[in-house]
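Data first, discussion second: the structure below is written as structure tokens.
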């Protein structure tokens, strides 16, 4: 790559960094200063781009490539910080600053490598670049350069630990700029987004505390000025704002994906996406049969009004002093008869549609008995067939049911709501819709913890259904689902234990959930289930133990639970499946600690393994062969030191 072209790329990179303006309040000063410092490099980069004289090509190219790499890191960092929760940025400031420091150091190193003496730039320009270097070095030396707001940090720590002082809540809400519905919603979405990308970490408890902290701030904001009913605490904008300026401030979720304008009549298509009625009507009239946003083929010829979004748009317009867009009084059916999808999509609603719309309206009623009745009917409809599951989901039932999980105080309504979600999840495409619905997984976990026994059982079954899709396992585990599942496995009815066991088995397939399960006390519960007189949960308990014993923490806890005698018994007399899993547990334990080999040999496992290696299932044969091979190698090692397994057994 030529020097001139590389300089152009660097100029564009700096401009992109300078254009990032959504700096989160806790890190606003740090990010703004970094952006401003890099912007000061533009004149020098333009000099390099326009320089006609020959420059030391090798050293210059190496330095510029290094600068390009560090600028990419800086851009990624600023974008990363702009997407984080404000609460998280304060509470985990040291962790964030470590990354900030690394990027600052990379920039300083890259700028130090540029051969400035060969650039023939003006003294003023060289002083400007040197100033940037000095500021970067000072920032590195002072742990970021900018002073922390220690009062905000202490305030948040006290709230995180359970304090509810109104003065502290006021200071935090103002400093973090969490004073409007939009601000609070964005913060909640940021927390959930962090949850879904947490990898193998275990943010469950801290995430729950942060969400509760955010709820306390929201409650305070509403109490602070109750007459505004979720309207921003700052004064309302004037109604005389220009319409084009209004459109710039429209939240992305309120814009039609086709027109990119504020929706006047949002409707849901069968893919679950929402569009403005007129826009999707034209799309279908043009002969298209796929969802414009996802390109998924539309499975049914129905669009349904999105009442929840329509209400949110109206509230947003009122809060911002904007006249709501006018909705057509009588949307006309499609005039293009050749497109059966569009024609039927905009035909007068059928009796079925009218019934569903009526039920959805009742879900939002202020009367608990209407909510309970509607949720119960939806539960039955979703149980009947896939057609109902598709239509209910496309009609916007999922977010309304999710809201009942935490907002309803009626146990029966909660039970109907979570069971409706369970029944809807039977249809494969609905699993993704549910998991991506704001608050769905935390809501299900809430019912799993605090609902009636039947509601808890159905919540566990719902999590099992959703966890069938691999990418959902991490999200569910990170939402704190594993500890209450362990509790249900320990204390539930037989059906509840089955639901909890199957959910835990599925979730523990994901490596990041294994440690969570071990720390939640799952191993002692499983060991107890192995010894229950009825033995109705033995299959599930052994299968989960086989998974957990592959985890470092799992090996330690399973080994300490005196599991070897049980595993030998199951290898000797269990069902084929139980023999496989017991052998799998032993393979992991014996590879970790040779003492388990000695113990298993003393209990007479060798003959059982030889039989299993010859007559077992395919998996059983493999596990038995692994164990026999391990015994053989261990004996060889001990013979070299003068003591085999047999000799060690005699010393026990």
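Each residue, glycine too, has its Cβ placed from N, Cα and C.
What TrEMBL records for 229-252, 320-350 is region 'Disordered'. Residues or ranges marked as compositional bias 'Basic and acidic residues' in TrEMBL: 242-252. Per TrEMBL, domain 'U-box' is recorded for 249-323. According to TrEMBL, the compositional bias 'Low complexity' annotation covers 332-350. Residues or ranges marked as repeat 'ARM' in TrEMBL: 396-439, 439-481, 521-555.
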Could you tell me the mean pLDDT the prediction assigns to the repeat 'ARM' (396-439)?
92
Helix, strand and coil counts within the domain 'U-box' (249-323) (DSSP):
25 helix, 12 strand, 38 coil
Residues in the repeat 'ARM' (521-555) grouped by DSSP into helix, strand and remaining coil:
24 helix, 0 strand, 11 coil
